[in-house]
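*Asks:* According to TrEMBL:
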DOMAIN    38-146  domain 'Methionyl/Leucyl tRNA synthetase'
DOMAIN    277-478  domain 'Leucyl-tRNA synthetase editing'
MOTIF     767-771  motif ''KMSKS' region'
BINDING   770  ATP binding site
DOMAIN    855-968  domain 'Methionyl/Valyl/Leucyl/Isoleucyl-tRNA synthetase anticodon-binding'
């Protein structure tokens, strides 16, 4: 029979599911190999054709490794806590768990249709209590740990308490809050329990702190920087402001150096490693304390001077800064602190209060990301106060500006406009002094950050070089207690809380305003049922709506309130690969035996957009678990591949803006359009009607400023032409009336249309997204109006889809989805199927010995595919398969030995058709997945003939295959014996023959 892909694929998908074909062994004599995809958030939109790109690549590699004799763990699950499900719950009242369950069912159906070899027996869901019990447990371990800088690892908080009881705070070198107490052992013992817990909280790896966050009132939660764009939430477009809140945080900064050094030990894309290096942001420099001065009287030169030098004095009232250029300290002409800096209120003079408050209000409307990105806009406000240069007593004005962030470093920078361009622009804008400090500096038009030359205007370092000056300044600062050499990291501690419902409850209760862990026996702490998923009327998170959200410790009479925030979206994904190792263990997050066997992930595939989020937090948690001897490897993911994005082709319509005024001048193009192209424009003007312009009209008449671009669904566009009837029948365009066609340029509104029926739209390649109406689905989709949109898998089959996704280009590259070549891949699989069938489509293969040509073709493809898969060059393998099948077709090959090996090596790419042919070849069902990958034999590729170009008098006439075993004389005789050669010679005998072995034969006549 012909290639019936639907029946074949359904048959083998059912077989794999029923027989758990891809279930990994917990213990095996085989070497282990762990292949992992970043698990998806199960959105309501389901999968589009871009999502499976990485899954297909990982599945090919997992199937290949099984064929190579490995015990392969290739699991899948769902990162199922998330904001979209909660937003849907707010809108509909439906519990997020129900929505999530429905969405997971859709995802599972779609994933199964594509034929992935996942071990579904290990499926995890981060929103399952069985799973988040262990997320809560890991949180508890973090809470009960501190970072010992001397040991360079996390230690139990009990060890810290024991040290305090024996030695007080002396001898402790920890990563902790800045403001910690100094005390003796006796003083520690005299502290109340509340005082002790307050102090311990300053050391814990997860702790409470006040921080500036992106607060979205409409969503009722804190948003991460990458969830905010231009002051609005990415989801929903709601206003976002900067707000100070007490939040749970994690001391990822304790691991900064280890996170940095670990990058050198893992096989990850260099650009992604560089992103993490930049995010961690290690800087070597110095911290400097600038003592705060009273408001001064300015000097005639415009630089205020203090009457008494503070050098060597008490620096309690000081602003600390970190700088990598401490050598420029004599070029500091102003200090800039963040608008959120804790000293702003006390530094602001009455005269400057209104200006400062207005500037702070303006800053709150920007996200930190926007503030860092906007380097062109110069803004700021003077506090009215000054600090003193600790080395010469010079008074320096204190400004606030939004380019300084409270959470970065100390939230203050010393401004040296002669050496820093941003400081230079700021000084120029506000007419502040710019003082050259190096003799060769040229600062007429811009800052000059040079380190060459000798210092000037710099007191005791005048005449020194950069290295000499830096050492001298640091030594002086340390001598007077005003500073010291320091290593700084740009990365900040991670906020670990969301004011939402649909997330992991934090296993903490509060007593006397301080957090305490619940007993482990109470895990998992389950989400309570609530009537609404919005914040309470008093502004508390949704968990505040629970009837009883409190904890009663063992033996206690009083109940204490639980934490109302839930964990952030990255909590469950920061350890999930370990749960796959032992998914059903109810005693620990994974057994020691399972972890020691699987160790780490050998191959991880996912997007580079997670570089400074999930991929960093996962490394942090892994290192912490390693410190506690709970895991065996320092790094979680040995090799990482970032799959590219499959982009969609978007179509754009152009709608006239609602109150466009084209003007009344009869000579203008606008007036011509208004009166000729739209004769009834006068009736339309000022009304909220709808007018659409053909793209050519927009370009021809320059209407770009008068129109709004709208996405058009790709299913109503064909070759850049809009099918207007289908558009207005589509849910997105159903509000418009049927148009009427006539004229040269198509334009319609309120039921009238002008044009010849061909309505051009604009095409643009961009991210595939439901909101952009450019999504191509793998399976059939039923629209709200009942119309079914055929999916690519249902049209061509999963094997064709898998191979075509790989054929589009290297897996790491982004590329547009284009179905122009998918028909060719489908025809290839049909041609492959045909090798096993006769002209009547009856299955039949030969057991005769294969020919040399057949073996040569087979071993070429064995070698090529093995090399390609090992290099993750899946696209080139697809081309090679096509060449091999063409060669074997030309050879009329139906040899069992050749075709059976071809089935094995193609099976990672097209598993369904290969399983069917494997079975038809007489092999036991289901054994293909573990068949040995054919061994390449180089002997079959040794050439025994060469196609020589035959030339006569320097002109090439033909190619002739000649055995390479012949010597020169034998080659000459072979050529002259050929009938076609004799025709070209026309009976003439060559005067001379030139044979270049393995290259060319030339005859002179």
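Backbone N, Cα and C define each Cβ position, glycine as well.
Unlike curated entries, TrEMBL annotations are predicted automatically.
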*Asks:* When DSSP states are grouped into helix, strand and coil, how many residues of the domain 'Methionyl/Valyl/Leucyl/Isoleucyl-tRNA synthetase anticodon-binding' (855-968) land in each?
*Replies:* 62 helix, 18 strand, 34 coil
*Asks:* Who are the chain neighbours of the motif ''KMSKS' region' (767-771) in space, where the CB to CB distance is under 8 Å and they lie at least 6 residues beyond its ends?
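*Replies:* 45, 48-50, 645-648, 711, 817.
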*Asks:* Taking every residue in the domain 'Leucyl-tRNA synthetase editing' (277-478), what is their average pLDDT?
*Replies:* 88
*Asks:* Could you tally the C-beta atoms, other than its own, that fall within 10 angstroms of the C-beta of residue 770 (ATP binding site)?
*Replies:* 12
*Asks:* Tell me whether residue 770 (ATP binding site) sits in a helix, a strand or coil according to DSSP.
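*Replies:* In the DSSP reduction, residue 770 (ATP binding site) maps to helix.
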*Asks:* What is the three-state DSSP composition of the domain 'Methionyl/Leucyl tRNA synthetase' (38-146), stated as helix, strand and coil residue counts?
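*Replies:* The domain 'Methionyl/Leucyl tRNA synthetase' (38-146) comes out at 62 helix, 7 strand, 40 coil.
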